[in-house]
Amino acid sequence: MEMTARLAHLDTKVDGRNCDGLVNHNGETTEIRVPLSHTGKRLSPIEGGNLYRLRDRKFLLEDKKRLCAWALGTALLGILLMVLHAELCPVVYQPGSIYALSINGLISFSTGCLLILIIAFHYKDIRLFIIDHNQVDWRIAMTSNRVLGISLELIVCAIHPVAIYLRPDMGGRLGGKPEQNSSTPLCLSSSHKEVMLDVELLLSALMFLRLYLVHRAVLLHSKVLLSASYRSIGSLNNINFSFRFVLKVLMNKYPARTLLVFIMFFWLSAAWMLRLCERQKQVETGGMDTALWLIAITFLTVGYGDVSPHTSCGKLVCLFTGVMGVACTAMLVAVMTKKLALNKGEKHVHFFMMDIQISKRIRHAAADVLRECWLLHRTTQTKDNSGEHRHHQRCLLEAIRVFRHLRLKQRKIRDYASEMVDLSKMQMIMCDLSANWNSSYHELEQRIISMEQKLDELGRSFQSTSELLTQALHRRRLDHR
């Protein structure tokens with residue numbers, strides 16, 4: 001900011017916004033004007049200083065969140081239009097009709113908008129990098145990894161079905177009457193080559209790769225990244241706030257909800273992709289109900305064998321479904337294990353009660369050992385029945401074995417319970433004891449100091465008393481003389 005002082009009544013406005021004040025100085029009027037920047041105008045980081053850098057960083061983060069949300073919405077719109085086109089053609093409208101061209105045009109338009117949003121998002125990201133690292137040249141941020149990542153994102157987002165634009169007979173059918181061809185599995189005419197059918201099928205399936213934007217939207221809109229306390233504590237502990245960290249937080253806070261949403265979405269998406277791959281062969285797996293059943297038994301790694309994919313694309317979808325099913329099963333087992341595990345308090349109570357029960361059994365086992373020893377001693381004194389003597393010997397050895405087994409079990413339980421000691425709680429207890437000792441020490445020190453002061457006062461009073469006695473004795477002697 002810039003502050004100017006004027007010694008005359010000026011009525012000019014600087015930058016559209018001023019802070020004026022009148023000060024009497026030697027009979028004259030001094031006008032102080034503080035010009036501020038325009039509302040909404042952003043200064044560069046170098047001109048604005050640290051405050052402007054922080055303000056611009058906040059604005060850039062908000063712009064990134066907004067652009068990411070728009071990009072995800074545009075990607076989902078393109079996927080929905082693709083699914084709608086694949087389901088309606090050729091059932092509702094025929095290939096080469098104006099409706100097919102319109103929907104494909106909307107898909108291409110949404111793809112173009114998505115590419116523009118991706119470029120704008122990375123532009124904001126580069127500006128944020130420049131502000132964070134206090135750089136001036138934007139080319140410093142364009143590393144090889146960043147360029148490769150941006151190029152890969154643009155390639156993935158640019159994928160969409162373009163087979164209708166490559167058809168040589170499309171223009172002649174736009175104005176004419178559509179042919180009735182109910183045997184065509186996708187929105188292609190029967191005269192088209194088989195290669196174009198596979199290309200459109202592949203491009204339609206690859207449009208689901210746009211869902212990588214979900215993890216970016218979750219990261220930018222998560223409460224973990226928006227919370228200042230999270231970021232402060234994380235920066236002190238060198239924590240990188242990536243999607244992996246956010247996913248761990250979600251799995252810890254809402255494990256069942258997160259797994260359920262992911263499994264349901266993956267189930268429906270994989271079933272539709274399998275139907276898209278299989279219906280070109282006109283087989284039973286081309287139906288949605290059969291595809292849902294096949295994906296479910298493949299995901300759960302059951303595999304009854306009643307249905308199976310017939311195309312290479314369908315086999316690839318089932319293979320990927322099996323891999324994801326194994327991964328989700330492992331996560332589900334981990335979540336259930338965590339939910340069924342005892343917490344620290346429950347473990348302490350459980351092991352305490354087990355220790356009490358084993359202590360009772362040890363006392364009973366020790367009593368059995370003493371009883372068998374007494375019975376064996378009594379049969380030894382009689383020396384009449386050798387069979388009874390051997391019976392009591394066997395009973396004594398069995399009682400000793402049970403006693404040792406219970407003692408070993410009790411030792412293991414106590415060792416495991418001793419490992420469960422809460423170190424943080426012990427540290428807090430030790431800190432409290434240390435604080436109490438310090439306070440007691442300071443209190444004792446204050447008492448010693450007060451006792452020293454009282455002793456000094458007592459010594460001074462003794463000295464003054466002795467002086468008074470000396471003076472009194474001296475006066476009395478003078479009176480006697």
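Note: Cβ is positioned from N, Cα and C throughout, glycine not excepted.
Just so you know, TrEMBL annotations are computer predictions that nobody has curated.
Fair warning: this is a prediction, and the values are worked out from it, not measured in the lab.
TrEMBL has this to say about the protein:
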- 355-429: domain 'Calmodulin-binding' (DOMAIN)
- 67-86: transmembrane segment (TRANSMEM)
- 98-121: transmembrane segment (TRANSMEM)
- 147-166: transmembrane segment (TRANSMEM)
- 195-213: transmembrane segment (TRANSMEM)
- 254-274: transmembrane segment (TRANSMEM)
- 286-304: transmembrane segment (TRANSMEM)
- 316-336: transmembrane segment (TRANSMEM)
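Here the transmembrane segment (147-166) does not lie next to the transmembrane segment (316-336) in space: the count of CB pairs under 8 Å, restricted to residues six or more apart, is fewer than 3.
At the 8 Å Cβ threshold, with sequence separation of at least 6, the transmembrane segment (316-336) lacks contact with the transmembrane segment (98-121), having fewer than 3 such pairs.
The list of residues near the transmembrane segment (98-121) in space but at least 6 beyond its ends in sequence, with Cβ under 8 angstroms from a Cβ of it, reads 64, 67-68, 70-71, 74-75, 77-78, 81-82, 84-85, 88-89, 92, 150, 153-154, 157-158, 160-162, 164-165, 170, 174, 187, 210. Residue counts for the domain 'Calmodulin-binding' (355-429) by DSSP state, with H, G and I taken as helix and E and B as strand, are 69 helix, 0 strand, 6 coil.
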